[in-house]
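What Swiss-Prot records for Ala10, Tyr11, Ser12, Gly13, Gly14, Leu15, Asp16, Thr17, Ser18, Ala37, Gly118 is ATP binding site, and it gives sequence analysis as the kind of evidence. Residues or ranges marked as L-citrulline binding site in Swiss-Prot (evidence: sequence analysis): Tyr88, Ser93, Asn124, Arg128, Ser178, Ser187, Glu263, Tyr275. Under the heading L-aspartate binding site, Swiss-Prot lists Thr120, Asn124, Asp125, citing sequence analysis as support.
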Amino acid sequence: MSKVNKVVLAYSGGLDTSVIVKWLQENYDCEVVTFTADIGQGEEVEPARAKAEKLGVKQIFIEDLREEFARDFVFPMFRANTIYEGEYLLGTSIARPLIAKRLVEIANETGADAISHGATGKGNDQVRFELGAYALKPGIKVIAPWREWDLTSREKLLTYCDTHDIAVEKKKGKSPYSMDANLLHISYEGGILEDPWEEAEEDMWRWSVSPEAAPDQATYLELTYQNGDIVAIDGEALAPHEVIERLNKVGGVNGVGRLDIVENRYVGMKSRGCYETPGGTIMLRAHRAIESITLDKELAHLKDSLMPKYAELIYNGYWWSPERLALQKLIDESQQHVNGVVRVKLYKGNVIVAGRKSEDSLFDDRIATFEDDGGVYNQRDAEGFIKLNALRMRIAADKGRSMK
């Protein structure tokens with residue numbers, strides 16, 4: 001092991017990262033700085049301070065990053081209507097670049113020469129943390145204990161705690177799955193969910209009721225957009241993180257946002273994940289609705305063609321890459337006229353667009369009407385349009401080429 005003087009650890013206060021603190025002190029003979037972020041996971045983060053102090057940590061950073069997370073990461077992603085493999089709203093993926101950024105910034109502030117995280121060697125998070133760190137600080141050293149130690153089970157971790165007098169909560173029995181939450185979503189993986197044929201039990205879901213148990217009366221919301229971002233709900237101005245919190249609550253009550261998928265991880269394996277993203281599900285549907293009347297056709301189609309690549313970059317950990325940054329500039333430029341109001345109806349797991357309006361709308365009812373348009377649209381123009389677009393196919397047919 002190369003010499004490390006000080007390391008900044010992404011610290012949750014849970015079993016894994018508490019063990020990592022002591023393991024780093026013991027195996028690297030270094031000072032450990034802990035960083036705990038509130039990104040809307042719904043748990044108190046302040047108790048992590050006392051836990052870190054008991055482990056001998058002198059420099060402890062606990063920060064509320066909910067607003068930065070929503071404003072600078074979630075909202076920019078939703079301007080692109082981003083989904084991975086047609087379904088996943090990237091709730092875990094989009095949180096990692098912010099944590100990587102703060103790890104590097106704290107390393108700079110404290111003079112640390114390394115960072116560390118609790119991601120395993122099988123998952124995507126190790127890639128996301130480390131790609132971000134190297135992009136922002138090329139010379140930083142990264143310590144990933146799960147790729148080094150032999151503590152390969154919960155039982156071994158608990159034994160290590162007993163041996164090293166680490167106080168952790170010891171829950172009886174094995175957890176049926178692992179959970180990870182932030183402002184945008186909560187995920188469930190592993191354990192009983194590793195069989196893709198087995199339906200997730202109803203009591204697993206934390207943020208939403210089942211569609212069957214949702215109210216029989218629909219809920220209507222009016223979402224106000226400015227430059228592609230929601231700035232108000234039902235006329236009430238809200239900060240980005242407040243928008244997500246409000247939509248999570250009302251969406252969950254109406255059974256919105258559940259997802260059960262098998263996704264392709266960047267590291268090569270297929271993995272089943274169950275997710276609850278009530279607010280994000282509403283945001284995606286509503287954003288597409290406001291774009292439908294404010295975006296030029298070819299610009300909208302260009303965005304749609306680029307979205308899968310943009311989603312893949314985020315999923316794989318390339319948030320800080322030049323290609324993602326370049327795509328973001330195009331996406332943000334496309335949003336300058338995405339202003340207006342979308343009305344949505346939430347009903348038993350469904351998000352139904354019930355109206356959209358904008359002063360920047362490109363929808364012209366004089367042209368679109370099926371009634372007499374007063375000569376605004378000359379239908380005879382369509383003949384030349386059709387003939388020109390058919391020209392290449394007519395030439396091929398004249399040459400005897402089969403179109404079957």
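Glycine is treated like the rest: Cβ placed from N, Cα and C.
Nearest Cα neighbour of Ser93 (L-citrulline binding site) among the listed binding-site residues (Ser18, Thr120, Asp125): Asp125. In this record, ATP is bound by Ala10, Tyr11, Ser12, Gly13, Gly14, Leu15, Asp16, Thr17, Ser18, Ala37, Gly118; the longest C-alpha to C-alpha distance in that set is 17 Å.
Ranked by Cα separation from Gly118 (ATP binding site), the binding-site residues Asn124, Asp125, Arg128, Ser187, Glu263 are led by Asp125. Summary: among the binding-site residues (Ser93, Ser178), the fewest other C-beta atoms within 10 A of the C-beta are counted at Ser178.
Recorded residues Tyr275 (L-citrulline binding site) and Asp125 (L-aspartate binding site) have their alpha carbons 16 Å apart, per Cα-Cα distance. Within its own chain, Ser187 (L-citrulline binding site) has Gly91, Thr92, Met179, Asp180, Ala181, Gly273, Cys274, Tyr275 as residues 6 or more apart in sequence whose C-beta sits under 8 angstroms from its own.
Ranking the binding-site residues Tyr88, Tyr275 by the number of CB atoms within 10 A of their own CB puts Tyr275 at the top. Rounded to a whole number, the distance between the Cα atoms of Ser18 (ATP binding site) and Asn124 (L-citrulline binding site) is 21 Å.
Comparing C-alpha positions, Ser18 (ATP binding site) sits nearest to Thr120 among the binding-site residues Thr120, Asp125, Arg128, Glu263. When secondary structure is read from DSSP and collapsed to three states, Ser178 (L-citrulline binding site) falls in the strand class. In the structure shown, across all protein chains, Ser18 is the one of the binding-site residues Ser12, Ser18, Thr120, Asn124 with the greatest number of other Cβ atoms within 10 Å. Within 10 Å of the Cβ of Arg128 (L-citrulline binding site) there are 27 other Cβ atoms, across all protein chains. Nearest to Ser12 (ATP binding site) in space, judged by Cα atoms and limited to the binding-site residues Tyr88, Asp125, Arg128, is Asp125.
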